[in-house]
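To keep things clear, I will list the structure first and then write my remarks on it.
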Amino acid sequence: MRCPKCGGSKSSVIDSRQAEDGNTIRRRRECEDCQHRFTTYERVEERTLVVVKKDGTREQFSRDKIFNGIIRSAQKRPVSSDEIEALVNRIEQKVRSSSDNEISSDFIGNLVMDELAELDEITYVRFASVYRSFKDVGELESLLQQITKGVKKKREE
């Protein structure tokens with residue numbers, strides 16, 4: 001494993017433990033050249049999934065793409081990277097549990113939106129505004145009304 005700081009190829013594992021999702025091993029490493037400490041994650045290599053986009057093009061499934069999209073939506077919000085990592089793990093697990101090797105981008109986007117609605121409403125709205133490509137303020141307004149109705153129902157329960 002190359003050191004992200006100096007590029008050295010020799011590192012030793014200081015700590016190794018199972019991550020919260022149960023499917024990943026978290027390893028704490030130390031570079032033998034510069035003593036920089038960094039974290040790596042090890043997980044089982046899964047079958048290749050293909051995402052079919054709205055325009056019909058296909059690309060390989062990327063959990064990093066989901067993670068980065070959520071990170072952008074959650075900027076300056078009280079959402080930790082651990083919460084986002086757990087959310088992405090749940091989404092990936094749902095996608096991989098599907099029997100199909102091809103998954104629509106709509107299916108993935110809806111999974112992300114469902115998870116974000118539970119995590120943080122502002123992050124949800126930010127993600128939705130990009131994902132759904134709102135044409136005007138009216139579309140955004142109707143989404144906000146749906147969220148408001150959902151919040152009222154939760155408070156009544």
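The backbone N, Cα and C atoms fix where each Cβ goes, and this holds for glycine too.
Per Swiss-Prot, the range carrying the annotation region 'Disordered' out of 1-26, 131-156 is 1-26. Along the domain 'ATP-cone' (49-139), the predicted structure has mean pLDDT 91.
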